[in-house]
Amino acid sequence: MGLISSNSTITAPKSKGIIDPNTGELIGSDDRFFCEVNAELSEKGFLVTSADALITWARTGSLMWMSFGLACCAIEMMQCSMPHYDNERFGYAPRASPRQSDVMVVAGTLTNKMAPALRKVYDQMPEPRYVISMGSCANGGGYYHYSYSVVRGCDRIVPVDIYVPGCPPTAEALLYGILLLQKKIRRTGSIER
C-alpha cells in the first residue's frame, strides 16, 4: 500500500555525483587530493591540518572586495556580481568600506587628481590587502596613455597583484583574475603580505 513497495528500503540511494559526459566517469574521482581527503575522513572521521593552512583556506574563500570603478570597466565589474556570473559563489563578496575589504578592484582610467584618493583608500584597507587592476586603462593608461592628466597604470600608485587585460575585459576575465588571486594567496600561504 502506498508508494513504497514492501521489499524496498526507506533510505535514499547513494548519490552518484556528476558524471563527465566525455568519459562516463565521476568528476573528481581520480583527483589525488579528494581521494586522500575522503580516505582520511572515512578512517578517522575528522581532518588534521595546521593553523596556517586553515587560515589560508579561510582567506581564499572569504575575500571581500571594494570597487574603485572609474570608467566603463566598472560596468563589467558590476555584471560579474549579477546572477549570471555570481562571483559570490567563489567567496568574493562586495563591501562598501575599505576598512572591511581585502581586495580593491581598480577598474578604469586613473587620473592624476584621482591618484591621491586611490592611495588613501588603499592605505585604509587592513593587511593583508590585494589589488586587481582591471582593464587596459588601469593597467597602463589605455587609450589615454599620452594624455597629460592620466596616470600610466595604477601600479605607479599602489602595488598590483593581478592584472586583467582587455578594453573592457569581460566578466569572465575578471572571474579568472579572482581565481588567480585565490591561487596566489594559497601559494604564498602567509598571513602577512
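Each position is counted from 1, following the chain as shown.
Yeah, the Cβs are placed from backbone N, Cα and C, and that goes for glycine too.
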Further [4Fe-4S] cluster ligand in Swiss-Prot, beside C72, C73, C167, within candidate set C137, C154: C137
Restricting to the same chain and to sequence separations of six or more, state which residues have a Cβ under 8 Å from that of C137 ([4Fe-4S] cluster binding site). L70, A71, C73, G108, T109, L110, Y143, Y144, V150, C167
